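Here is what TrEMBL records for this protein:
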DOMAIN    15-208  domain 'YrdC-like'
BINDING   T37, H69, T122, R126, A146, S186  L-threonine binding site
BINDING   R60, S148, S156, R204, Y240  ATP binding site
Amino acid sequence: MDETRIIQAEDDDMKDAVREAVALLEGGDIVALPTETVYGLGADAFNPEAVAKVFEAKERPSFDPLIVHISHARQLEEVAVVPPEIEETVRKLISAYWPGPLTLVLPKTDRIPDLVTSGQPTVAVRQSAHRVFRGIGKQLGRPIAAPSANRFGRISPTSASAVMKELGGRIPLIVDAGACRDGLESTIIRIEPGEKKPVIHVLRPGPVTKKELQNFGRVIVEKKRLIDAPEAPGQLASHYAPRTPLLMFERPDDFHPEAGKRYGLLSYKEDPKAGYLHRHEWAVVEALSPGSGKLAEAAVRLFHVMRVLDEAGLDAIVAEPVSETGLGQAIMDRLRRASTP
Ligand code: TXA
Ligand code: MG
């Protein structure tokens, strides 16, 4: 493949984009699609040859399973089996968050090829809220397997141009619907029956926060760990990484710049009180939340700002920490995994 086309899915007319994307997916090809979290690289989830193309384009190792996107809750039974012990909790979570950025890990049906789940007996499922993605899923009438549309281990794309930088020349089509609303990948959970309440294991923090999930059970956020075949490779210690080293410190004073090197600051709000802004003569400063949006704004801008700094020709990026409340938990998760050990 050498040319990647971008097709606009305009507000008033997305028919052409939907038609083209569906035609490619039906033909066993792969297409980059907008979701409310990040852009995904989609394939017909029931077609193993198509799914193989996703792994190939991303250079994704086969041990890293994909998320399956359904286009209405009824489709759930085609891809997953809901165990009766957790059925009530699943139902409540689905009615609260679908369509939206919550992914459930459930036992898979036989229709889901092993390649999608990397041979695991479980499948990760969500329903995207993005109108273009939904339009495509409905017209296709089959679930869409879609990981984030970046090369493996790299920064997730939140715009069509970011997808082009990651996968240009490797895929036939990118459906462009502008910037993603949330900017961070979905929250991934696994549910277990508990003694008094169900236990919700957060495998990857995301837009649906721990506090919100606490309304549905006891929440355990899985700790970062480095393992060979992770349960959610979003859990790999190094992930979401820019090519430029990204440094994080316990305290601002722990940063000791080397003479002659160019450093950029990934600041939360460009607030001097955080201790970083005047610590050094930064070559570039980019703020995650320059407006008043705080954590929600920071989440939307995180991958974009990481990409801008990565392209600034720096020797290293220094990232200020953000407070680990609400969405801050997912932001810090991504920053830590992007950082150089
Ligand atoms: O918001 C999102 O979730 C985006 C959009 C495109 O939907 N997708 C996304 O996919 O972030 P990806 O492949 O970049 O991350 C999916 C994560 C991986 O860390 C994978 O390991 C985990 O989901 N996953 C997939 N199947 C799993 C399973 N059966 N058990 C545990 N984790 C699983
Ligand atoms: Mg990803």
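Here the Cβ of each residue, glycine as well, is placed from N, Cα and C on the backbone.
The highest number of surrounding Cβ atoms within 10 Å, among the binding-site residues R60, H69, R204, is found at H69.
For the binding-site residues given as T37, T122, S148, S156, S186, the lowest number of other CB atoms within 10 Å of the residue's CB is seen at T122.
Nearest by CA distance to T37 (L-threonine binding site), out of the binding-site residues R60, S156, Y240, is S156.
Using a 10 Å Cα-Cα cut-off from R204 (ATP binding site), the binding-site residues that qualify among H69, R126, A146, S186 are S186. Geometry remark: H69 (L-threonine binding site) versus R60 (ATP binding site), CA distance 19 Å. Every protein chain considered, the tally of other Cβ atoms within 10 Å of the Cβ of R126 (L-threonine binding site) stands at 24.
Candidate binding-site residues: T37, R60, S148, S186, Y240. Those with a Cβ under 6 Å from ligand 2, in sequence order, are S148. A Cβ distance below 6 Å to any atom of ligand 1 is met, among the binding-site residues T37, R60, T122, A146, S148, S186, by T37, T122, A146, S148, S186.
A separation of roughly 24 Å, to the nearest angstrom, links the Cα atoms of T122 (L-threonine binding site) and Y240 (ATP binding site).
The Cα of R60 (ATP binding site) lies closest to that of A146, out of the binding-site residues R126, A146, S186. For the pair R126 (L-threonine binding site) and Y240 (ATP binding site), the C-alpha distance works out to 21 angstrom. The number of other CB atoms found within 10 A of the CB of Y240 (ATP binding site), across every protein chain shown, is 25.
Recorded residues A146 (L-threonine binding site) and S156 (ATP binding site) have their alpha carbons 13 Å apart, per Cα-Cα distance.
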